[in-house]
Amino acid sequence: MSEDDDFTFHSMFSDKVSINNNDGFVSPDGLCWVSVLSCLLLACSYVGSLYVWRSELPRDHPAVIKRRFTSVLIVSALSPVFVWAWKQYTGVRPGPSLLALMGIRLEGVLAAATLPLVLTMALFLGPLVQLVLDSPWGLVDGIKLGFDPWFWTLCVSDMRWLRNQVVAPLTEELVFRACMLPMLVPCAGPTTAIFVCPLFFGVAHFHHAIELLRFRQVSVSGIFLSAVFQFSYTAVFGAYTAFIFIRTGHLVGPVLCHSFCNYMGFPAVSAALEHPQRLLIVSCYLLGVVLFLLLFFPATDPFFYGSSPICSLAGGQRAVCS
């Protein structure tokens with residue numbers, strides 16, 4: 001796009017704007033369809049990269065995981081190109097750099113790596129207590145195990161562990177949060193973008209239901225229920241990590257929270273109710289929810305993380321992020 005074209009594009013946008021009274025930002029007319037199509041193309045590229053390898057082996061087979069690592073890492077590495085192309089086409093010229101918009105920056109990084117994770121662990125207080133009570137090791141032995149290099153060597157050598165705890169959290173948060181939110185916020189504003197972005201994330205997880213159907217692991221009705229559950233759970237989780245990304249302006253927090261939630265899985269409430277120490281566990285479940293709600297906004301206060309670049313895309317309205 002030439003400088004004359006860029007000026008014309010900006011002039012066209014300045015003449016036709018829509019104002020969202022809730023978020024207080026100005027959205028250039030015609031920007032939304034470009035943003036949505038860019039996000040849809042990025043989501044399809046990510047999911048499509050999982051299926052470029054034809055194989056009759058199940059998804060958890062090490063050979064399948066290694067091949068998917070290759071393709072999904074390539075798509076993730078190229079995902080910033082989508083944001084750059086979006087900026088070039090729309091003429092949007094935010095002040096922060098491309099890396100800063102994607103949450104890759106040093107300002108406030110220590111807080112971003114700890115506070116959102118602590119907030120998420122508070123929500124999982126009940127499952128964590130349940131995990132400790134059911135663990136074959138004591139609490140002290142479990143802590144020692146976490147510092148044992150041999151333990152981490154075994155983890156890294158496990159392809160499923162690498163997928164669930166490292167590659168999936170990093171690539172999904174990079175693609176579905178760090179790349180999509182900078183394109184959606186100028187169109188929809190921070191609040192709406194938090195709930196729109198997870199829709200791409202939820203639809204992308206329908207591929208798990210497709211694989212169940214492919215290998216006939218469950219019935220058709222079971223696949224339908226699995227797909228609905230996958231979409232609902234990932235959409236809610238996606239909104240949560242999108243909220244963290246916008247409030248903190250960092251990628252590291254969503255990645256660590258994603259990895260932690262993958263490890264914990266969905267809370268086993270039924271097992272907690274049947275546990276010999278169910279009173280303690282249920283009390284921790286309730287306490288965890290209360291702590292999470294109390295800390296939800298304080299722990300994500302932009303004060304701890306410096307000025308959030310993603311918020312500046314909404315016209316510099318700090319109020320939408322505070």
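Using N, Cα and C of the backbone, Cβ positions are placed for all residues, glycine too.
Here's what TrEMBL has on this protein:
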- 33-53: transmembrane segment (TRANSMEM)
- 109-133: transmembrane segment (TRANSMEM)
- 161-264: domain 'CAAX prenyl protease 2/Lysostaphin resistance protein A-like' (DOMAIN)
- 174-201: transmembrane segment (TRANSMEM)
- 222-246: transmembrane segment (TRANSMEM)
- 252-272: transmembrane segment (TRANSMEM)
- 279-299: transmembrane segment (TRANSMEM)
Check: Do at least three CB pairs under 8 A connect the transmembrane segment (109-133) and the transmembrane segment (252-272), leaving out pairs fewer than 6 apart in sequence?
Finding: yes
Next item on the list: Give residue numbers and ranges for long-range contacts of the transmembrane segment (33-53): same chain, 6 or more residues beyond its ends, CB-CB under 8 A.
Entry: 64, 67-68, 71-72, 74-76, 79, 82, 85-86, 89-90, 171-172, 175-176, 179-180, 183-184, 186-188, 197, 200-201, 203-204, 207
Note to self: As a test of reading the model: what is the averaged pLDDT for the domain 'CAAX prenyl protease 2/Lysostaphin resistance protein A-like' (161-264)?
What the structure shows: 84
